[in-house]
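Here's the structure, in structure tokens; my notes come after.
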Amino acid sequence: MAGELGVLNALDVAKTQWYHFTAIVIAGMGFFTDAYDLFCISLVTKLPGRLYYTEPGAPKPGTLPPRVQASVTGVALCGTLAGQLFFGWLGDKMGRKKVYGLTLILMVVSSLASGLSFGSTAEGVMATLCFFRFWLGFGIGGDYPLSATIMSEYANKKTRGAFIAAVFAMQGFGILAGGVVALIVSYAYDQKYKPPSYAQNPEASLDPSFDYVWRIVLMFGAIPAALTYYWRMKMPETARYTALVAKNAKQAAADMSKVLQVELEAEEEKVMKLTENESNKYGLFTKEFAKRHGLHLLGTTTTWFLLDIAFYSQNLFQKDIFSAIGWIPPAKEMNAIHEVYKIARAQTLIALCSTVPGYWFTVALIDYMGRFAIQLMGFFFMTVFMFALAIPYHHWSEKDNRIGFVVMYSFTFFFANFGPNATTFVVPAEILPARLRSTCHGISAAAGKAGAIVGAFGFLYAAQSKDPSKTDAGYPTGIGIKNSLIMLGVINFIGMLFTLLVPEAKGKSLEELSGENNENDAEHAVSARTVPV
């Protein structure tokens, strides 16, 4: 194609090679850690509630007060939102690689610090935990735009969707690992101390050494992040950033010659022509951007926002849904450790049966079906299953039908992951110009996290029973789980409508999609020569 750089064309037509898989693993391990850190908190929040907030002689064990619960759950999401915007912008200013190591260091330090949260009072411990979880989220936020952008800029045209989706699919393994680590730690403590249930002996069911359980689970998140730091630092900067943003044709050709193991010529004149072209200079807040990509950005931000309201309200409050359908016994019938074990077991089963398979269905089919079809289908089925759960909710809450409820609930998760949860991550990394790609992906992802905050906090209050005697301690009455599920169904339907704004990126080069190739430029001068280096 006229105007296309040889080095970028070489990446587009490259056969799937070893470097593609190393890039998936390096970027994917960041995502594995992100998911572990964000979701493991929902497994262990009941434990500090029991340890720090149980009143002597109370008939039921203590729980975290509503404000504390909301802060612990939501503060990492607020940090993630801020990190997505900041590191997304920084990734376009300084380069993807430079910023990539920074986010990882922040994640490792904050994970360890979260587990070491100190304080002489319950409030002190929780406030310190919230502080470190915010910075953990800030580091995680940076991983979203950078991982997606790096993978899309390294990938070839043919399998780019699958590669970006594979990075995101590591999230499924992260959620699974959170459940497994919590199961192992709680099982080990249960075997060693064999504590009675709260109803049998309140004091013995709350051994002070159980305080280590939630700390170990949180700190474990530092290990996978630390392991990938060396490899992240060895990765060369992407050719698209080096050539199209930093305007260094020589460096781009040298870096990609090593990666692709072919000889590439530096096309300095061509890089200058492309980057000096007026049509490739517009900024984010310009009429030209609004005209070319305004609707695209609106499509990627709104769909991610709407999806995450549904996705996070389900995921963060799984344990409440499990309790409501009787998978987890009443709190007084368990000891502190057993409660962690039961919640972790339920989440691990859901992850294993629906979350993980959903992601990999997307990886397998995204470059055949296309992003648009998968996203539309996912939103459609999520809408259907939400309404199928909500309308006959009384039927599902009866003891004989509980397994049916869990199956239907698993299907909504399956179609979130074989659907918009994966595609909303992939598309913003493909359809926008290189110099704004990381920023725009960060904006789309931050819109998603805003939806997650609405879902997490909104659902926490909305799902409370209409009957004041059945609400959790300290919460006002809500609209109940049934009406909350109906609301989520409507939100998914609106997501389906906004999907119509998002263009299909299947099989096209990034420059074709973003309009950075100028057809009137000098003829395609130099291409890759397959000469072993």
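In case you wondered, yes, glycine gets a Cβ from its N, Cα and C as well.
Here is what TrEMBL says about this protein:
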type     : residues : note
DOMAIN   : 23-507   : domain 'Major facilitator superfamily (MFS) profile'
REGION   : 512-533  : region 'Disordered'
TRANSMEM : 21-44    : transmembrane segment
TRANSMEM : 68-87    : transmembrane segment
TRANSMEM : 99-118   : transmembrane segment
TRANSMEM : 162-189  : transmembrane segment
TRANSMEM : 212-231  : transmembrane segment
TRANSMEM : 348-366  : transmembrane segment
TRANSMEM : 372-391  : transmembrane segment
TRANSMEM : 403-422  : transmembrane segment
TRANSMEM : 442-463  : transmembrane segment
TRANSMEM : 484-502  : transmembrane segment
Across the domain 'Major facilitator superfamily (MFS) profile' (23-507), what does the mean pLDDT come to, as a whole number? 88
Stretch winning on C-beta pairs under 8 A with the transmembrane segment (68-87) (pool: 21-44, 162-189, 348-366, 372-391) is 21-44
Check for me, if you would, whether the transmembrane segment (212-231) reaches the transmembrane segment (162-189) - at least 3 Cβ pairs under 8 Å, residues 6 or more apart in sequence. yes
Recorded stretch, among 21-44, 99-118, 348-366, 403-422, 442-463, maximising Cβ pairs under 8 Å relative to the transmembrane segment (372-391): 403-422
In the same chain, residues at least 6 away from the ends of the transmembrane segment (442-463) whose Cβ sits under 8 Å of its Cβ atoms read 66, 69-70, 73-74, 77-78, 80-82, 84-89, 91, 141, 144-145, 297, 300-302, 304-314, 316-317, 320, 424-425, 428, 475-476, 478-481, 483-484, 487
